[in-house]
């Protein structure tokens, strides 16, 4: 991967890069001459002239930037799944977990300039005094019980999100207590008493940004839309596009490395024929490519991957881990792709895992991958249902609303398993996964699907009194069938959503993977006139909308195919129960579309979360279908505050609803298959628009959603430790103290060195932000 890229145009500018989801798995882009902006400007706001309505709206907006003291915290239960593993499997899972946890710390550096320093500050405090011991210190320092709880909630949120921006929505969150009170607590802590000079320097390095809510720091984004560490602060969309063209050109010429690696050297080292590091001229700009990002963390990842090899169940697992180690040692995307090939071949393992720079949701340009690693144990009973769905895939795929030529030539039956998560390291935990994300592998060699069962079991559990925007008569049914319907949706979304559809490609020798003379675009009635060139990928072409657009396509596939009785039968739903599952699945999607407004920023007219943007788009499509299918009205709640009500006519789902999704889904696929960026962007941006001038005042509805939003749950995960010849599972309570203690104990063996390394890596990147 790239570490630094530099181009020249009158004045010198510098760029640096982190692995992209496609070919150049993650580059961070930096330019020289980044003009510093103050991080500590006062954010005083005069409210004396605000009307009561304005004050309410201001309060609603500000609430986005705090985590509430009553935020839900759930334990990710994997006791039974872990107990059933053999001693060898437990050792394998342990070392993979260690690799994942150390790699997951990369996300701190990928999130914001201050995240790593805040993490170290918290670790040093809690290593000396656990939350229970620190409570008395807080009282003596003048904190109320609510203020101390707010501090614990903030710390829990930072650990769970691996940074001070929400993993789901990319909004910044700050401590919900005065800065002076937090400083008093830090100064009173044992960590400060023992090392006052070091702790004061650490506080000074992050305290301003820790509390800052300047417009450019409220959310992740590129340029004037927010903060990102994938690009330096003076990079614009034009710079990102230039960098992408440069990367595409290097893919065509030779295979790229990625900047995250153990080695810093620019020349080829043992294990590689050539190095892609160096200086290059492209479009009259000079790019300098370096590597070595996160070297100390990558070294720990590789060490534990090598330990895991001794306990691998088969050769595919051993070779997979060898290639991953080579990837993180050299910074080789090709090695990670090779490891992914072995991973696909490892069918039905008892212990499943994946690791690397995977998803591109948080790169504002939509191409660079965030680090994640997971380790999970197969749930055999639920996996049997998903296996039945895989077996039915070749019958179900022809039902999708695009011509046969727009579907893959051969459906490569993937592994599809239900897993109980032991470890998920990164910024957040999804409900399901479809990987690898390399387009060329997915199209011709295959992929895997996983549904994370113990995540589903707790993440979407809902209390009736907290159910918003539904009619009273729908609430009991929603609670009963939300889990089962979401299970169906996840299965269809991952397997037949992300797993379907063909990309039309012309390779580097001019050969096409489709018949130009025969394939007709069903939207125009004309022959297909656009396609992907060899070096181009879905992400590199559709950039900023790629992630959300693809999630929308997969969600539509789930809605469309859940109407199929065979699908419902596979999941054990027949008769009236099956109809209820369909109704709640569609109702849940419509409600999610309204809830998605929380993740829209009016000031920059931008969306902060790919899935929620996708669901809002689907809501717009179903509202547009008319005929009374979906109703959305603004009302006044029982508490006298603004509210909203959603209705769905279940008698029209199979007719009006299905026809609307049929038309929209076909358009989505045709634009994707043909690399029609202009048409796809126009279509998607139109439905993504949030305004007050349409039939529904979505800007005002957004304020209502913010008023009544419920904070996303945090998860407490177990640790593993070797005791003699055995591996023990260490569990923690489902509260703030448990979550905090889990992270302190996770890195206790080399805490001081690890913290020093994180601060050094943060310091190394600091010139890019100021």
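Just so you know, glycine gets a Cβ as well, placed from its N, Cα and C.
What TrEMBL annotates here:
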type	residues	note
ACT_SITE	494	active site
BINDING	493, 498, 551	Zn(2+) binding site
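This view paints the features noted in TrEMBL onto the structure.
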residue : record              : Cβ within 10 Å
493     : Zn(2+) binding site : 28
494     : active site         : 28
498     : Zn(2+) binding site : 21
551     : Zn(2+) binding site : 22
Output field, Zn(2+) shell: CB within 8 Å of site CB centroid, site 493, 498, 551 dropped: 434, 494, 497, 550, 553, 554, 555, 557, 558
Between residue 551 (Zn(2+) binding site) and the residue listed as 'active site', the C-alpha gap once rounded to whole angstrom: 10
